[in-house]
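Now, the feature entries from Swiss-Prot:
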{"type": "ACT_SITE", "residues": "ASP72", "note": "active site, proton acceptor"}
{"type": "BINDING", "residues": "ASP72, GLY73, ASN146, ASP147, ARG157, LYS174, ASP176, THR187, ALA188, TYR189, ALA190, LEU191, SER192, GLN247", "note": "NAD(+) binding site"}
Amino acid sequence: MEQFRNIGIIGRLGSSQVLDTIRRLKKFLLERHLHVILEDTIAEVLPGHGLQTSTRKLLGEVCDLVIVVGGDGSLLGAARALARHNIPVLGINRGNLGFLTDIRPDELEEKVAEVLDGHYLVENRFLLQAEVRRHNEAIGQGDALNDVVLHPGKSTRMIEFEIYIDGQFVCSQKADGLIVATPTGSTAYALSAGGPIMHPKLDAIVIVPMYPHTLSGRPIVVDGNSELKIVVSKDLQIYPQVSCDGQNHFTCAPGDTITVSKKPQKLRLIHPLDHNYYEVCRTKLGWGSRLGGRDD
């Protein structure tokens, strides 16, 4: 297994719990004589840290491993910045759900030590890349680990659009919007809209309509290498938005085209050896436990 010597730390701003966890993590890593580099934004709220700092984009060039302290949203942002560097990312959960940041703060030293000693699992999670075009000219681009979402923005009106897959017309729809999600994102917004849960190892994309004005509007799972094209109706009276992971936003105009496809670079997500995807789903989504209360 890969040995990590240069460790980057990214943290969610605005949380004293995150700062406390970063201090613990810093102390633990330095005791192991590792080189620790703080993202510059979190370094600003940690006076006297005494560490090298770096922008998020450059962390991928100077680190062997990046540890994200926060929630899934924090890891989503880090993933988009770091995927192009092919650098492993490990998450310590200081958020709510923790589908991606799966190390609890109370087990920080134990689990991080296991990873540093070479005992870990690596998952390659693919991202989506989206491009908004107007009059055949790109006006916005973004990446997403979870999903690319077409939605009405501040308006309450429905959106009318056409869907094409690999150049073939699929259907037109009137709906509140459309979610295009990866397997990683299938347990996020797409799940709330009635989409299926997809195992992270699946090479597939799910297209989930949001409140379609039809009884036949259902999610569609397509090959992960498909290219999706969404054409906003020219007669639309509103200016909908495209969001990548709910964090990057672009405003569309009637007649615009949104192209969504798999990004060539993948996120290398690190897990402890005892990571169990189904246990995560069972815990986070409230699935039923073993009959009779057995834990074997």
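Placed from the backbone N, Cα and C atoms, the Cβ positions cover glycine too.
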Listed binding-site residues (ASN146, SER192), ranked by Cβ neighbours within 10 Å, top entry: ASN146
Euclidean distance between Cα atoms of ASP72 (active site, proton acceptor) and SER192 (NAD(+) binding site), Å: 16
Most crowded position, judged by CB atoms within 10 A, among ASP72, ASP176 as recorded positions: ASP72
Secondary structure at ARG157 (NAD(+) binding site), reduced by DSSP to three states: coil
All-chain count of other Cβ atoms within 10 Å of ALA190 (NAD(+) binding site): 26
Rounded inter-Cα distance in Å - ALA188 (NAD(+) binding site), ASP72 (active site, proton acceptor): 10
Alpha-carbon distance [ARG157 (NAD(+) binding site); the residue listed as 'active site, proton acceptor'] in Å: 30
